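**Student:** Take this structure first; my questions come after.
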Amino acid sequence: MREIVHLQTGQCGNQIGAAFWQNISGEHGLDSNGVYNGTSELQLERMSVYFNEASGNKYVPRAVLVDLEPGTMDAVRAGPFGQLFRPDNFVFGQSGAGNNWAKGHYTEGAELVDQVLDVVRREAEGCDCLQGFQITHSLGGGTGAGMGTLLISKIREEFPDRMMATFSVVPSPKVSDTVVEPYNATLSVHQLVENSDETFCIDNEALYDICMRTLKLSNPSYGDLNHLVSAVMSGVTTCLRFPGQLNSDLRKLAVNMVPFPRLHFFMVGFAPLTSRGAHSFRAVSVPELTQQMFDPKNMMAASDFRNGRYLTCSAIFRGKVAMKDVEDQMRNVLNKNSSYFVEWIPNNVQTALCSIPPRGLKMSFTFVGNSTAIQELFKRVGEQFTAMFRRKAFLHWYTGEGMDEMEFTEAESNMNDLVSEYQQYQDAGVDEEEEEYEDDAPLEEEV
């Protein structure tokens, strides 16, 4: 089967990753030790996408857990699903990266990277037909951002034809951990533009907003945020894990979603978002879910798609729904919001359907959109980057690890290029696109 190797790096990556594994273990009927006690054949049918089968009906996640300090790893190991993972797959250093991208990418991380690649290689060799890799990390820290991008580029070298999907937590202005986040994020985006095939952008600020506004939680914990992220990750990967009428895998998703190779940063959303106590009081219908899904308040990245246009988007339905209902509703939404979709990509909305709903819900809807509005997110980080870099603030932490100022300048201009590429396609109309082709066409000679 089409296996995926999962990597989680840094504190954020490991916590999101742990929530993800907890979530999908439940969906596949595994208990906290990985022993199968589910009821449905469908849970077993494609178990091998994410799990290796060990002896005694036990399943082990195909996950590699990486960090430069032991703290988070110990927390994962001591957590409810700590016994699930293979002990050899925990790879950690002792020193920590101290939120310094250069430490993760060039010094501390570079020392550990070969150990990690050995584990990745071992997992990949055990696969029947490896589909690709997915990595969870944050872009604001040292290990997830610096070492995470180092791993991505090393894996890219070794497996150039496999898919690379990343779930990247982008630093947000209101919820900031450290002052150097803009540096780390810009340097990471510089790497992701070149080396990742699809990047799902998740934003702490948007997650907090969802928790406060929609879920009515007065002070959300990171556990609540991770719970939201794991719902989206589970949704995006549904089609791979369960049989359905319209299955898409990572590659199909990329083919349908990425019109130009550099523009592979997606916004994700999930519906129904109801607080944990409220969902037993109301039924959800396909129209309601579709409405919710296109609501900016449901997006997990803090940029409003109404300020941009969708190049492409993909909707993944889960539950017992008729394909016709879904198609009708999607058409309905498209007709109402046609101004938010570019006209020069016809049929730019793809729908996939899986008949198995997530735990505790009748049906759910995961949304992945490639919108030009994501440039707001990069602009925001870029402005903060420029403000600090102009004064060369905090730069000695990076140059001390052997980085050059030139690298910062390159990363900055690459990110600015990305923003202007998004802007260019946002403004492009059908006529302009056609004119470009007409200019290229050879003139017919008069006879």
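Just so you know, glycine gets a Cβ as well, placed from its N, Cα and C.
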**Student:** Among ASN33, ASN89, ASN204, which residue does Swiss-Prot annotate as binding GTP together with GLN11, GLU69, SER138, GLY142, THR143, GLY144, ASN226?
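**Tutor:** Answer per Swiss-Prot: ASN204.
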**Student:** Within a 10 Å radius around the Cβ, which one of these binding-site residues has the most neighbouring Cβ atoms: THR143, ASN226?
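**Tutor:** Result of the Cβ crowding comparison: THR143.
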**Student:** So for SER138 (GTP binding site), how many other CB atoms are inside 10 Å of its CB?
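**Tutor:** Neighbour count, Cβ to Cβ under the 10 Å cut-off: 29.
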**Student:** For GLY142 (GTP binding site), just count the other CB atoms lying within 10 A of its CB, please.
**Tutor:** 29
**Student:** If H, G and I count as helix, E and B as strand, and all else as coil, what does DSSP give for SER138 (GTP binding site)?
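**Tutor:** The residue in question, SER138 (GTP binding site), is strand (DSSP, three-state).
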